[in-house]
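Here is the structure we will look at, set down as structure tokens.
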Amino acid sequence: MSGVSSVMLGLRPATRIFFRSNISVSPSRTFVSYIGRSQSTSILKNAPNLEDNVTNLQKIIPKRFFSQTSILKSRWKPIFNEETTNRYVRLNRFQQYQQQRSGGNPLGSMTILGLSLMAGIYFGSPYLFEHVPPFTYFKTHPKNLVYALLGINVAVFGLWQLPKCWRFLQKYMLLQKDYVTSKISIIGSAFSHQEFWHLGMNMLALWSFGTSLATMLGASNFFSLYMNSAIAGSLFSLWYPKLARLAIVGPSLGASGALFGVLGCFSYLFPHAKILLFVFPVPGGAWVAFLASVAWNAAGCALRWGSFDYAAHLGGSMMGVLYGWYISKAVEKQRQRRLQAAGRWF
């Protein structure tokens with residue numbers, strides 16, 4: 001099966017910010033520091049113009065006991081409003097980071113959880129799509145499964161636009177590398193996008209490759225491929241900082257781990273399919289484009305350029321190739337059985 005697929009494969013950014021329990025982002029994106037709630041004002045008896053100072057102070061802060069947080073917000077709010085072009089800003093201090101880091105990283109338990117989920121998804125998907133609604137609907141409409149995954153990603157992106165949801169999203173939809181806030185983030189981060197360009201590129205890649213691959217593999221196999229590639233990307237993303245001995249790492253998010261898995265499986269099964277990068281055809285077909293992406297991601301891990309999560313890309317790519325190899329072997333065995341069965345009649 002060959003065809004022309006347009007791809008603008010989005011990347012999974014490894015953000016350089018750390019969200020912690022004792023700091024928060026207000027709806028106006030101002031900085032809130034962890035400072036004592038109140039502090040009494042000190043009055044010097046011999047201070048000049050004491051009455052004027054007290055009067056001016058009361059105009060600004062009408063209470064005797066005032067919060068230093070309110071002063072910080074009033075002074076620094078204009079600066080932070082000008083400089084915060086992203087969804088979040090750098091918040092925590094290095095001391096807080098060290099305290100969180102010293103608390104330990106459940107990397108082993110996350111790995112066991114990830115492998116268990118991958119096994120459960122692989123063996124449970126056939127039953128799920130055979131007997132459990134609404135998954136049974138996707139068995140006969142595999143393309144709609146792709147649209148459903150696309151819709152979930154868009155919905156989570158919409159939640160990122162609501163400041164009231166940030167605390168929930170920071171806990172469950174960001175994959176923290178040094179201090180895991182929730183084990184659900186190993187999957188949740190794969191459905192999370194904070195910027196429109198990131199969402200748009202990933203969803204275009206999902207639509208380009210996913211609709212064709214879901215029709216060929218079936219809903220159950222495609223769902224297993226997508227979810228396990230996402231989990232593999234998260235596991236690689238967690239292990240890479242430890243193996244590379246990186247001192248400071250930020251959280252990551254995005255569906256690119258799963259999408260590189262889809263690309264890997266597609267290119268393995270259809271190596272000569274034509275690929276368009278934006279509007280330009282890639283020479284050599286899908287397999288050449290995939291190998292180029294692997295080389296680029298490997299170089300990114302080694303040279304550590306940019307802020308993308310190259311390890312997650314590699315993890316998803318390896319899972320996609322593994323699925324492609326397994327499916328090709330299964331198809332070949334079925335073909336041999338059919339030939340043997342047909343030979344008995346002649």
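Yeah, the Cβs are placed from backbone N, Cα and C, and that goes for glycine too.
Annotated by Swiss-Prot as transmembrane segment, the relevant range among 15-35, 246-266 is 246-266. Among the ranges 203-223, 224-244, the stretch that Swiss-Prot annotates as transmembrane segment is 203-223. Under DSSP, H313 (active site) is assigned to a helix (H, G or I) in the three-state scheme. For the transmembrane segment (109-129), the partner stretch with the highest count of Cβ pairs under 8 angstroms, out of 145-165, 203-223, 246-266, 275-295, is 203-223.
A gap of 6 Å separates the Cα atoms of S256 (active site, nucleophile) and H313 (active site).
Within the same chain, residues 5, 7, 9-19, 97, 153, 173-178, 189-194, 198, 202-203, 205-206, 209-210, 212-213, 217, 225-230, 232-234, 236-237, 240, 273, 286, 289-290, 293, 297, 307, 309, 312-321, 323-324, 327 sit at least 6 positions outside the transmembrane segment (246-266) and bring their C-beta atoms closer than 8 Å to a C-beta of that stretch.
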